[in-house]
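This report concerns only the one structure given below.
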2 protein chains.
Amino acid sequence: MARVYNFSAGPAMLPEPVLSRARDEMLEWRGSGMCVAEMSHRGKEFMSIAAQAEADLRELLAVPSNYKVLFLQGGASTQFAAIPMNLLRGAASADYLNTGSWSKKAISEARRYGQVHVAASTEAERFTRAPGQDELTLSDDAAYVHYTPNETIEGVEFPYVPDVGDKPLVADMSSTILSRPIDVSRFGLIYAGAQKNIGPAGLVIVIVREDLLGQTLPATPTMLDYKVQADNDSMYNTPPTYAWYLAGLVFEWLKGIGGLQAMGKINARKAELLYKTIDDSGFFKNPVEPASRSWMNVPFTLANPELDDTFIKEAKAANLTTLKGHRSVGGMRASIYNAMPIEGVEALVGFMQEFERKHG
Amino acid sequence: MARVYNFSAGPAMLPEPVLSRARDEMLEWRGSGMCVAEMSHRGKEFMSIAAQAEADLRELLAVPSNYKVLFLQGGASTQFAAIPMNLLRGAASADYLNTGSWSKKAISEARRYGQVHVAASTEAERFTRAPGQDELTLSDDAAYVHYTPNETIEGVEFPYVPDVGDKPLVADMSSTILSRPIDVSRFGLIYAGAQKNIGPAGLVIVIVREDLLGQTLPATPTMLDYKVQADNDSMYNTPPTYAWYLAGLVFEWLKGIGGLQAMGKINARKAELLYKTIDDSGFFKNPVEPASRSWMNVPFTLANPELDDTFIKEAKAANLTTLKGHRSVGGMRASIYNAMPIEGVEALVGFMQEFERKHG
């Protein structure tokens, strides 16, 4: 079997040049006599790999110098606790926007550490759009405002960055980071699990403004204290070295294709092609309001849900895999992250049109 | 350059057959059309990899059926907080044995969640031996007893498993797990960072008796709640899939060489050879009492510390790397984990004898 087009929501496809490099360097990284996974994290070889990865990420996202970039573990779900623990900073409450399944998880965990004011919710509309700026009911005493720019499960993406005045804006960018340029200075903290657009699962990146560090809740585990991690360059203990290295290879690949401006154009074309196919069809349907449609995660349903299994099966036979929708939503979902080439989306679109002709 | 003998304390050498397999499967795992790092953690391919790894680990360690095996993130340092959060279970205090740098870190973090009674300490003797059973001053009201069977930095290993009556015995086995057979039923909880004898950094394994689950401190992050992780088969969120897969390859390799009985014999020979070389020499010295010497981490000093840099440099030229001692101890340290072949220890010993002849 050849390599497939894998539409998994994460862990997801990695760029083939990255995998080839990793394969070629598996037994020995550049004359070091060892695999990167075997290197002491405090040795000069790994330190250079780690520093280069951070520098490349900073360059890609144009991270201002008053932000720390942390390479941590535990996924976004661990950050759901770490964020209130680090950012409540004496305040009793925080504002959260409720725009999908991952927002809800973040809210539920934050409630264990402080009060959560839901400053907007689209739950009554089954999370089929992002709320507008004028719908946000921000509170004066909130320590920060949290939102999920792209909801992986519902396929809803904010078409704008909320204006939250002088409050720190906190964003779970797990499924959108690096998909296009962003203005980091608009945010107090950005976090992202790696397993969609960064690298393998087991790494989570936190980009945090320095003035927000250093005032944690008393029960905060030392490993979840951003200041401790920042002061130790993410090496308070042994970091996930091999995942960090693979992320670095992804950053290098992104730079090679022209950075986020170029990547954003490719992603826009991929998303446009897929949504147009869905909208032009009488057979496939995406429930999300067009202005809020995700570039990365495209859920869609078939006119006849009894054909779902046939769709999955025939798609797999055509080397198009992991298209089943999340159990909470049903139908299909095509995740088309950075590493999914336009050829993969073209193949999917061709398959969908053929499927409609055959079964529609 | 060829592959080197790498004496790093962790991340450390991985078995070459494991790396070769990982290299061969990097672009495509067994006809799946994808790298393991690209697989959905909920798909049947990765679920089979995860289940096989757990089954093999259970077989290697003969884990009784009333224990859960968890594949988590954040290293042993995150467990330093998770353990009191999960195991204090209404009690005010726990007993800790203070036998080296890692014990001290565990104690310091536990003090943030409850009282710590130090039930034995060898700090006054600079951690050069394990305390005897008759030296342990266990308390009646401790929720559990924590110790570090092998201290990675000092090279001190308990030659016995402490008898703590009916208290749960909790062990940080990061640098000794899988080095020889153990009786898991003697422990309430065993934890181990992967980057020494299990696999790459970014994975930590917790083996916990089921009756200890489910009574956490209020501020415990959901991700650190063992019961949540056990109920979700370590997939409450996306686990570190690639690290889990590599760990599975290591377990398979261990089974192939005959399991822990066979591994233990090899490790005993390796350690004996190195300690004998040190003891027979008038030039090298190991400060640890013979009965408490670690099979895995062998610190040693040179009669003339001014030769330390020369030793490191000449060793590196002989393809023997990462021998510098921990900054807190100085001198040299040879970590000879499972993946270090006997040939590596023979090469080191030969080099040491030659060095002594030349410089002694």
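In case you wondered, yes, glycine gets a Cβ from its N, Cα and C as well.
Curation does not apply to TrEMBL; its annotations are automatic.
If you look up TrEMBL, you'll see B:Arg42 marked as L-glutamate binding site. What TrEMBL records for B:Ala76, B:Ser77, B:Trp102, B:Thr152, B:Asp172, B:Gln195, B:Asn237, B:Thr238 is pyridoxal 5'-phosphate binding site. Per TrEMBL, the feature domain 'Aminotransferase class V' maps to B:4-348. According to TrEMBL, the feature N6-(pyridoxal phosphate)lysine maps to B:Lys196.
Its Cβ taken as reference, B:Asp172 (pyridoxal 5'-phosphate binding site) is surrounded by 27 other Cβ atoms within 10 Å in the chains shown.
In sequence order, B:Ser77, B:Asn237 are the binding-site residues among B:Ser77, B:Asp172, B:Asn237 whose C-beta falls under 8 Å from a C-beta of chain A. Of the listed binding-site residues, namely B:Ser77, B:Gln195, B:Thr238, the sparsest CB environment within 10 A is found at B:Ser77. Most other Cβ atoms within 10 A: among the recorded positions B:Arg42, B:Lys196, that distinction falls to B:Lys196. For the pair formed by B:Gln195 (pyridoxal 5'-phosphate binding site) and the residue listed as 'L-glutamate binding site', distance between Cα atoms is given as 25 Å, rounded to the nearest Å. Put plainly, the binding-site residues B:Thr152, B:Asn237 were compared by Cβ crowding within 10 Å, and the winner is B:Thr152. Confidence annotation: the domain 'Aminotransferase class V' (B:4-348) carries a mean pLDDT of 97 in the model. Here B:Arg42 (L-glutamate binding site) is positioned 35 angstrom away from B:Trp102 (pyridoxal 5'-phosphate binding site), judged by their C-alpha atoms. When secondary structure is read from DSSP and collapsed to three states, the residue listed as 'L-glutamate binding site' falls in the coil class.
Counted over all residue pairs in B:Ala76, B:Ser77, B:Trp102, B:Thr152, B:Asp172, B:Gln195, B:Asn237, B:Thr238, the record's binders of pyridoxal 5'-phosphate, the longest Cα to Cα distance measures 31 angstrom. Counting in whole angstrom, B:Asn237 (pyridoxal 5'-phosphate binding site) lies 10 from B:Arg42 (L-glutamate binding site) by their C-alpha atoms. Cα-Cα distance from B:Arg42 (L-glutamate binding site) to B:Thr238 (pyridoxal 5'-phosphate binding site): 9 Å (rounded to the nearest whole number). Taking only the Cα positions, the spacing between B:Asp172 (pyridoxal 5'-phosphate binding site) and B:Lys196 (N6-(pyridoxal phosphate)lysine) is 13 angstrom. Non-local neighbourhood of B:Ala76 (pyridoxal 5'-phosphate binding site): B:Trp102, B:Asp172, B:Ser174, B:Tyr191, B:Ala192, B:Gly193, B:Val204, each in the same chain, at least six residues away, with C-beta under 8 Å from its C-beta. The two recorded residues the residue listed as 'N6-(pyridoxal phosphate)lysine' and B:Ser77 (pyridoxal 5'-phosphate binding site) have their Cα atoms spaced 15 Å from each other.
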